[in-house]
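Over in Swiss-Prot, the protein carries these features:
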type     : residues      : note
DISULFID : Cys62-Cys72   : disulfide bond
DISULFID : Cys102-Cys115 : disulfide bond
DISULFID : Cys182-Cys231 : disulfide bond
DOMAIN   : 156-253       : domain 'Fibronectin type-III'
MOTIF    : 286-294       : motif 'Box 1 motif'
TRANSMEM : 263-283       : transmembrane segment
Amino acid sequence: MLKPSLPFTSLLFLQLPLLGVGLNTTILTPNGNEDTTADFFLTTMPTDSLSVSTLPLPEVQCFVFNVEYMNCTWNSSSEPQPTNLTLHYWYKNSDNDKVQKCSHYLFSEEITSGCQLQKKEIHLYQTFVVQLQDPREPRRQATQMLKLQNLVIPWAPENLTLHKLSESQLELNWNNRFLNHCLEHLVQYRTDWDHSWTEQSVDYRHKFSLPSVDGQKRYTFRVRSRFNPLCGSAQHWSEWSHPIHWGSNTSKENPFLFALEAVVISVGSMGLIISLLCVYFWLERTMPRIPTLKNLEDLVTEYHGNFSAWSGVSKGLAESLQPDYSERLCLVSEIPPKGGALGEGPGASPCNQHSPYWAPPCYTLKPET
């Protein structure tokens, strides 16, 4: 036997939510009263209001800096449109469970992106509750619970000093602006020969010893700290301290620099040799050949004493060097005995006179042609 079908009005009532139309709904307010939120209507709800109200709010990240102040920030650019989100906070199950509004907002491009809490508002060992809310959509909110002792970031260590304990041992000391027993430290050091750092963990003591050092090397040290493990379980380290150096400034050269210098010297030497060879061949082509004593006699014999033939001097230059006069030989003899005549005869030439000195040659000009 067939069951009677549902009335048409019942089917329509069941399909109304699927068609996106509203019904008369009520919700309970915190004081227990009923609050009517919508009346029965047969129109479609705006899709943009649905999408905005269902979008998740950005996550809030809080960090306590050296227990002096705390910043809670969020990514304001993740919103579909610029929105000044508001932040409320309180401490769970404590005397400070009263809801507080943020009194000091941080801004990014004139949009709220964080909140800063001062030292008096920070209670490390109480559960911190933070609530982010969209003021345009009060029901759009997100709540997080945080343990602040795990979110502490100390300041970087300060006043690094080095002491030489012995001929080959160094001790590094530093200071922190927080209780030393709450911090652990990480020391890094390297020499000017090293390409990477060597790390060494140090407990709450603020000193580190290096048992063996090389006086010919230059050492660099730096330190950072973390709020762990006695007072909290923070995972974030502080910034690195300013580095401190020890050792000779004239240490051995870096192997890489030594290899680079060797290559530069080799290439420079080869370039110099090639340049000298080029200059030598150029001079050999442009300068006249100068014979050695061994083959000078052979050259004179081969070229019949013609210097210009084998020296490379041009014919025009050789002709211009020819003299334009002729020489007459002058005979010089020894001084005659006393009483002898100075001349051999009445027509004797001065060139034939006897003189204790060398007589210059006599010249006669060639007749002009």
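Cβ from N, Cα, C; glycine included.
Here the features listed in Swiss-Prot are placed on the structure.
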residue: Cys62; record: disulfide bond; CB count, 10 Å: 18
residue: Cys72; record: disulfide bond; CB count, 10 Å: 23
residue: Cys102; record: disulfide bond; CB count, 10 Å: 18
residue: Cys115; record: disulfide bond; CB count, 10 Å: 25
residue: Cys182; record: disulfide bond; CB count, 10 Å: 21
residue: Cys231; record: disulfide bond; CB count, 10 Å: 18
> Between the disulfide-bonded residues Cys62, Cys72, Cys182, Cys231, which lies closest to Cys115 (disulfide bond), Cα to Cα?
Replying inline: Cys72
> How big is the Cα-to-Cα gap, in Å, between Cys62 (disulfide bond) and Cys102 (disulfide bond)?
Replying inline: 13
> Taking a Cβ cut-off under 8 Å, which residues six or more beyond the ends of the transmembrane segment (263-283) line up next to it in the same chain?
Replying inline: none
> What is the average pLDDT across the motif 'Box 1 motif' (286-294)?
Replying inline: 63
> Quick one: what's DSSP say for Cys231 (disulfide bond), helix, strand or coil?
Replying inline: coil
> If you run through the domain 'Fibronectin type-III' (156-253) with DSSP, how many residues end up as helix, strand and coil?
Replying inline: 3 helix, 48 strand, 47 coil
> Rounded to the nearest angstrom, how far is the Cα of Cys72 (disulfide bond) from the Cα of Cys182 (disulfide bond)?
Replying inline: 23
